[in-house]
Amino acid sequence: MQAGHIMRYNPETGETTLFRSPSGMSNGMEFDAQGRLVVAEGADFGGRRITRTDMETGKSEIIAGLYNGKPFNSPNDLSIDEQGRIYFTDPRYAGHEPVEQPIFGVYRIDPDGSIHLVVTDAGKPNGVAVSPDQQTLYVISHDNGAMGSFPDEVPLTNGRMALLAYDLSPEGTATFRKILIDYAPQDGPDGMVVDAEGNLFVAVRDEARPGVRVYTPEGEELAYVKTPDKPTNVAFGRGKTSKTLYITAENCLYSIQTMKEGYHLPQK
């Protein structure tokens with residue numbers, strides 16, 4: 001049983017070093033407008049919480065650990081809007097811990113620390129992203145049938161596999177708008193990121209066509225980047241690497257130069 005690790009990759013030197021271990025079985029990560037690292041920690045002996053780390057001091061704080069007095073199921077991925085509100089998904093794919101939240105939902109953490117359940121109809125939510133114009137919340141529904149630590153002989157049946165779009169209000173509430181892409185019955189997407197123009201770069205785990213698919217905000221496919229193995233998430237670099245797309249896969253980190261600038265929060 002691994003403890004979970006966060007690795008740090010330096011694009012200038014090509015060196016990869018260990019940033020944090022154990023990591024609380026961390027999964028999705030994003031830097032906020034102050035340059036702090038916000039992390040979704042999952043289950044399977046993980047923290048089942050959202051933490052935030054000051055990169056200058058190294059100190060971390062727990063900003064979401066319970067909802068209605070009970071632990072989250074397994075925070076998976078997150079996105080931050082320009083008001084500093086954090087949206088995170090809470091499915092369950094692995095872990096021995098009890099499933100204590102009755103809904104696999106999307107939550108919002110406000111700057112005052114309050115936590116709100118904002119999406120309840122996404123199936124098993126995984127990747128999440130706020131559009132650059134702050135008017136859309138994209139949610140990936142990836143239901144592979146897994147709920148926890150099951151014996152190998154238990155068959156898994158895919159449920160909903162889709163990329164969903166929600167109208168995002170100025171107050172941070174989300175209302176379902178449409179299914180942008182329906183991947184069923186194939187294996188669907190995992191993580192995603194948006195560029196400065198609002199296009200979506202989606203890591204799709206379909207065995208027949210694994211890789212990153214690029215869509216317009218309306219769901220029209222613009223491009224496809226084939227990867228040697230199934231991708232899990234994507235992110236744009238910053239500064240000199242703002243057009244570099246980094247792709248995590250099951251055993252590797254890949255990068256590819258694009259013609260698009262990645263979208264990042266304005267720094268404060």
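Even glycines carry a Cβ here, placed using N, Cα and C.
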Among ranges 1-26, 209-234, whichever one TrEMBL labels region 'Disordered': 1-26
Integer Cα-Cα distance in angstrom, Asn76 (substrate binding site) to Asn126 (divalent metal cation binding site): 6
Mean of the pLDDT scores, which run from 0 to 100, over the domain 'SMP-30/Gluconolactonase/LRE-like region' (2-249): 94
Neighbourhood of Asn126 (divalent metal cation binding site), C-beta criterion under 8 angstroms, separation at least six: Asn76, Asp77, Thr89, Pro91, Ile140, Ser141, His142, Pro189, Asp190, Gly191
